[in-house]
Amino acid sequence: MEDEIRKAAEILAKSKHAVVFTGAGISAESGIPTFRGEDGLWRKYDPEEVASISGFKRNPRAFWEFSMEMKDKLFAEPNPAHYAIAELERMGIVKAVITQNIDMLHQRAGSRRVLELHGSMDKLDCLDCHETYDWSEFVEDFNKGEIPRCRKCGSYYVKPRVVLFGEPLPQRTLFEAIEEAKHCDAFMVVGSSLVVYPAAELPYIAKKAGAKMIIVNAEPTMADPIFDVKIIGKAGEVLPKIVEEVKRLRSEK
């Protein structure tokens, strides 16, 4: 693994425009459960009922009860991998973080340019009267076990700005992510199985454009053949080592 860490660091140290793409695996190390896999949430819950737009419109309570069961996880803390990515941005290497996660841990770790393909929990909208709220306005109610209700019209159809099954990705964010993939010289995937489309197309776009490719994941993926550097391991252990090696390489110049 040390040899692969060195290779990844060499790519990033030379990069003028690196992009990081993250999935559920990076947040799993902060205690947020993944959705797929042996211990994934979809083995316990029916996503059609608790995480689809049709299910939400049919029964918003089911969505919020699912969220309440995970409420301790919704307030997780960034882990060393999030901080390492933010450090690479501060060093001028990483120009954008593209994430499939909705937990805002990248921002809390210090990353400034984060493209959230699946939205986030920070804003909520009433589907009936279109009133907009900050998540902070409902935290107290949520912690008491009460589901959000529109303060203006009384509707229970108050939905966070997350992409549920059956909804399209935010088109502007997706466009920006595609542009980043086209123009980067290094593309690093962290904690993604690369099975959810269209997001999983981004590494292929970057590869076609000539970017050097790095993946850090807990297990192999079907996309591994397109990567120049493949590291199997925990992001929270691997990324800080990559950052330290990047700093060492830069100090030698």
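Placed from the backbone N, Cα and C atoms, the Cβ positions cover glycine too.
According to Swiss-Prot, the active site, proton acceptor annotation covers H118. Mapped onto three states, the DSSP output places H118 (active site, proton acceptor) in coil. The Cβ neighbour count for H118 (active site, proton acceptor), using a 10 Å radius over every protein chain in view, is 19.
Neighbour count (other Cβ atoms within 10 Å of the Cβ, all protein chains): 27 for S27 (NAD(+) binding site). Summarising the annotation, Swiss-Prot assigns NAD(+) binding site to 23-42, 100-103, 191-193, 217-219, A235 and lists experimental evidence as the type of evidence.
Annotated Zn(2+) binding site per Swiss-Prot: C126, C129, C150, C153, in sequence order. Secondary structure at C126 (Zn(2+) binding site), taken from DSSP and collapsed to helix, strand or coil, is strand.
Annotation source Swiss-Prot lists domain 'Deacetylase sirtuin-type' at 1-252, citing sequence analysis.
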Pairwise CA distance, C150 (Zn(2+) binding site) versus H118 (active site, proton acceptor), rounded so that it is a whole Å: 23
Residue from G23, C129, G191 whose C-alpha is spatially nearest that of H118 (active site, proton acceptor), among the binding-site residues: G23
Nearest-integer angstrom distance between the alpha carbons (Cα) of G23 (NAD(+) binding site) and C126 (Zn(2+) binding site): 28
Fewest other Cβ within 10 angstroms of its own Cβ, chosen from the binding-site residues C126, C150, C153, A218: C153
